[in-house]
Amino acid sequence: MVKHQPLQVYERQLCLSCITGIYGCRWKRYQRSHDDTTKWELLWSLILLFTFCLLLVWFYFWWEAHNDYNEFNWFLYNHSGEWSDGTVPILATTAAGFTYIAFLMVLALCHIALGQQLNLHWLHKIGVTAALLTTIVGVISINQTWGQEWDVIPISLQATGPFLHIGALAAVTALSWIVAGQVARSEKTSTIELYLFQVVVVLLYLSVLLGLYVVPLYITSPCIMDPTTLKQRPDVIGHQGAPMLAPENTLWSFQRALQMNVTGLEADVAISVDGVPFLMRDRTLQRTTDVEKVFPDRQKDDASHFNWTDLQQLNAGQWFLKDDPFWTVRTLSPHEKDLIANQSVCSLEQLLKLASYHNSTVIFSLRRPPREHPCYHSWINDTLQAVQQSGVPLSLVMWTPDEQRAQVRRLAPGLIQTSVEKQSPESLHQYGISRLLLRYNQASTQEIRNYSQSNINLTLYTINEPWLYSVLWCSGVSSVSSEAPHILNKVPYPIWLMRPDEYCLMWVSADLISFAVVIGIFIFQKYRMSGMRSYNPEQIMLSAAVRRSSRDLNVMKEKLIFSEVGNGVSSADELYADNGYDYYTNQGISQ
């Protein structure tokens, strides 16, 4: 009776080779290992997981912040003096980084599912570090310069929360396959440390799963309501007209907004050196006019330091065709481009006459001129005089300046007194203010309903996305100010509306299905592992019960040795080396 080494015949597994090769540059089978992951590599796996979670939040933030991209670009312009779409490089790098890190996470999960040792290649470690540091710098920068925009996350969750819950539940349920496999493997090991680690992993997984089961208790959305209590569609006010289709604060922009059935127009007003209120958002004329050509020595001067005659010489439309701030120029007809190219600076009186003709409400933000300006003390009276001379019904004008409000109310009692400062309904009634203009993140759903019950007409700005418009509609807001009236005009009903009992049914059904699937996976994995002996999937052992001629065995050995030499194995000893694998131990072959 002679015993021989068990003959090992390897099958090439291209999928496994790609997974271990891309993740850790372990392309050869003898480079792989079923040994436990080292603490150093485990630390890198945790860093990868943290980077993935951080990038996921960062990516979601910029996805939902699409409503305010123009606000962000305008903020950058005020700091740099040059107009550019700063969201493009941010979105490109965020999408690339998230895709890369998510791909590495998938590979890491595949390693765990296949029982392979995690060994992240040093190039990937550099990539993960770069992605982590870049994201952290981005988060800190946004927090310091645009901190109010973080409010978009909890607001957006009112629209996406119920559906993100279903997606997260499906993902965590799918992970039970890996967790169950680890539990089944830990039952076959005698290492106490590994066993305790697996217990911690299971407890952590079950905690996350249980948290997802009950998280709908904390999900609140105004769109989970009885549809019969839905209020009428909020009015849409064209903020600076329709600036996505025409240059902002021009007559053509306001005309385009009126074509979209807006009920009001909103503008930014400055006062010229000779006392004429005109429409201009920026402090200077550099971005929205050709002042650098007409008055090259005054291009950085304050817009209010020009007289009305000089302002009328400027072109206020060619910049729109050149810069294409909203990437919409290609959708315009040649006739529309000709109209845009010939736009001039618009006066407040021209806007009021247009609004009066269409019986449209007008709301404007008035900017006080610099202290050395001749109208520094008379700016309120000059603006009020322009309103009265335009002939517009005072009941169509929403007056926002707080300065000298009592005097304005006495001289023009018909104006709609509007505040841009958040106050309680009682305080607003005390000062005779019937309307309130706020940024959309300044009023919660409950506050919106309180204002409505107190007969305060609330207008929120700037609303460009249908999901945000739908959430505010369900909240009961009276009107919104938008740069995209052509988009909101296509939203005749909230994007989604769900009864509380329907949401409860969806929530409970998803939890029950998830629970059943998780239990089934754990049982199946235990059953599957209990019928399997520990072995390397790449090794197929010749059973001792199989009878083969000596010639056949020699031929197979020679083929195996030559194939290993061709793959970089230098000796027959490496052929039978363990290399970290577990395999069948067969009985000797009887001769």
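Glycine residues also receive a Cβ, built from the backbone N, Cα and C atoms like all the rest.
Residues annotated as domain 'GP-PDE' in TrEMBL: 234-492.
The transmembrane segment feature in TrEMBL is assigned to 42-63 (among others). Non-local neighbours of the transmembrane segment (42-63) in the same chain are 87, 90-91, 94-95, 97-98, 101-102, 104-105, 108, 118, 120, 125, 128-129, 131-132, 135-136, 138-139, 142, 149-150, 152-153, 156; each lies 6+ residues outside the stretch with a CB under 8 Å from one of its CB atoms.
The transmembrane segment annotation in TrEMBL covers 90-114 (among others). Distant neighbours of the transmembrane segment (90-114): 16, 19-20, 22-23, 45, 48-49, 51-52, 55-56, 58-59, 62, 120, 124, 127-128, 131, 134-135, 138, 175, 177-178, 181-182, 537; these residues of the same chain sit at least 6 beyond its ends, with a Cβ under 8 Å from one of its Cβ atoms.
The feature transmembrane segment is assigned by TrEMBL to 126-143 (among others).
Residues or ranges marked as transmembrane segment by TrEMBL: 163-183 (among others).
Summarising the annotation, TrEMBL assigns transmembrane segment to 195-219 (among others). Sequence-remote contacts of a segment are chain residues at least 6 beyond its ends whose Cβ falls under 8 Å from one of its Cβ atoms, and for the transmembrane segment (195-219) they are 157, 161-162, 165, 168-169, 172-173, 175-176, 179, 182-183, 185-186, 189, 503, 507, 511, 514-515, 518.
Per TrEMBL, transmembrane segment is recorded for 505-524 (among others).
Packing against the transmembrane segment (126-143) from elsewhere in the chain are residues 44, 47-48, 50-51, 54-55, 58, 61, 90, 93, 97, 100-101, 104, 120, 149-150: each is 6 or more residues past its ends and has a CB under 8 Å from a CB in it. If you take every residue in the domain 'GP-PDE' (234-492) and average the pLDDT, you get 95.
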